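What follows is a single structure, and I will ask about it in a moment.
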Amino acid sequence: MINGREYIKRIDALQNEVWIDGGRCSGKLSQLAPFKGILKSKAALYDYQCKPENQELFRYSMPDRKGDYGFSYHQPTSIEDLTNRRLATQEWARLSAGLMGRSPDYMNTLLMTLGFAAPHFAQDQKGFGDNIKRLYEKAREKDLSITHTFINPQVNRSVGQYFDDTNVTAAKVVEEKEEGIVIKGARLLATQGGLTDELLVLPAGGYTLDDAYLFGFMIPSNSKGLKFICRESFCYRDSRFDHPLASQFEEIDSIVVFEDVLVPWECVFLYKDAQVVGEMEEATGLYTFLQFQAVCRQVVKVEYILGLCELMGEAIQIQEYEHIKLKMSEIITTLEIMKALLVASEVNSRLNQYGTLVPESQPLKAAIQYFSGVYPRLMEIIQLLGASGLISIPTEKDFNSEIQEDLAKYLQGANINAKERVQLFRMAWDLGMSAFGSRQTQFERFFFGDPIRLSTIHYNRYFTQPYVDMVQAFLNKREE
Ligand SMILES: Cc1cc2nc3c(=O)[nH]c(=O)nc-3n(C[C@H](O)[C@H](O)[C@H](O)COP(=O)(O)OP(=O)(O)OC[C@H]3O[C@@H](n4cnc5c(N)ncnc54)[C@H](O)[C@@H]3O)c2cc1C
């Protein structure tokens, strides 16, 4: 396990090719305004896992190896392991109010599922099974941080677009060499792209007849020709008072460009094999585990939303109104549904063929689907409770200026002073209204894929026959 200092040192040393707002970043990323908040917050996670009092939950060791490893690399084989994983994931998530979609455990977890299912990738004898096992072990030994890109650029989403990609927009293999494959084109959308040690790529969803798009690999973020093009930062100010959330948890998202990147064979674990891709979830449980991690985080996020709304209600004494109670009850219902689905997935977990205890996928799919729809409503509730309070939010500088007495008098709450009230409402604004907050909403809607297509897949794969039979039997039943 690494600590925060080691993580920052490593990222700064990589000198990844990161572009933002018209220029290529130079020097230490951890000292640049758009990135320093999130790097510091991630470093805090690594520090937290190293604290002696957290060792029991966050660390595991292996009898045949020296060293300790982070919880998310651990292969769960019992319900106790899964419970431990949930508790650790949530404890980390609480440090960021559930706002860090890409805390290191997200991708570590994915790599764990692939690493322990190595034989699945070894089917074609090209050593890909050994490769994924080695990549997993390398990540575990070095406690690497990883980002990923799983989708193609949004150039043309009509059916069959892949077959006319003559200008090479979506990343694909353009050459096969003795040393590896050469990738050209782009992928979306790497959250924290350029801010991690490595980049993991899996085939984009959808159908393609062209196997030049079928690959899975993991390479260092500073690989030659790899470029991360970031969107503008939504952290406009350093001040924790003014931007309580963005100043700490603005993750940045980036477009990933592969300019003839040579991916060495030893970094490739999947290549031109549609069957391996098609059976990957069944063999590894990777998406189920990613959903497990995400739902753990989302539960924490709703806990924070509930606490925040309760404090807002108290600050201006609106809890007595019926419709406010109704809205608070909506938040509580969301929290309880999400918690129940998470625990249901744990209780009904089953061992896969490689000995990994995989949570039951249906409750997690339901949770992810439900949350992508309900999250915008939770943000609406924040807006409805806060009303003008989310707009009358002077800055820290205002509170330190000669108008401070005006602010103290006119912005006080029922049982809270003006500065504390504005700080609280600024947090609500940063979650429900700011550019950072809007991006959070878009994240919860889409990060796991297009909710429309996920619903279609959910329905198509759900086994409805027992319920059809039940109704048929009911209809066929004659009076005795
Ligand atoms: C904030 C944020 C962070 C993200 N971070 C990551 C990340 O770290 N790594 C990563 O790999 N991805 C990431 N994503 C990408 C995410 O996986 C995609 O947004 C998601 O899969 C949807 O794809 P898309 O954005 O290309 O939308 P599109 O597929 O282009 O969809 C646009 C619209 O068209 C409709 N549509 C398109 N095709 C069809 C179809 N075949 N049938 C029906 N309707 C269709 C959709 O319903 C939608 O309304 C992130 C996204 C967001 C918003």
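Numbers here mean position along the shown chain, with the first residue as 1.
Each Cβ is built from the backbone N, Cα and C atoms, and glycine gets one as well.
Okay, these came from TrEMBL:
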type	residues	note
DOMAIN	4-270	domain 'HpaB/PvcC/4-BUDH N-terminal'
BINDING	Gln154, Val155, Asn156, Arg157, Thr191, Asp450, Pro451, Ile452, Arg453	FAD binding site
DOMAIN	279-475	domain 'HpaB/PvcC/4-BUDH C-terminal'
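Provide an account of the burial state, proximal residues and distances for the features listed.
Secondary structure from DSSP puts Arg453 (FAD binding site) in a helix. There are 11 other CB atoms within 10 A of the CB of Arg453 (FAD binding site), with all protein chains counted.
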Within a 10 Å radius of its Cβ, which of these binding-site residues (Gln154, Asn156, Thr191) has the fewest neighbouring Cβ atoms?
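Lowest Cβ count within 10 Å among the binding-site residues (Gln154, Asn156, Thr191) is Gln154.
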List, in sequence order, the same-chain residues at least six positions removed whose CB sits under 8 Å from that of Pro451 (FAD binding site)?
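Spatial neighbours, sequence-distant, of Pro451 (FAD binding site): Gln369, Ser372, Gly373, Arg445.
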Need one number for the FAD-binding residues Gln154, Val155, Asn156, Arg157, Thr191, Asp450, Pro451, Ile452, Arg453: the maximum pairwise CA distance in Å, whole number please.
22
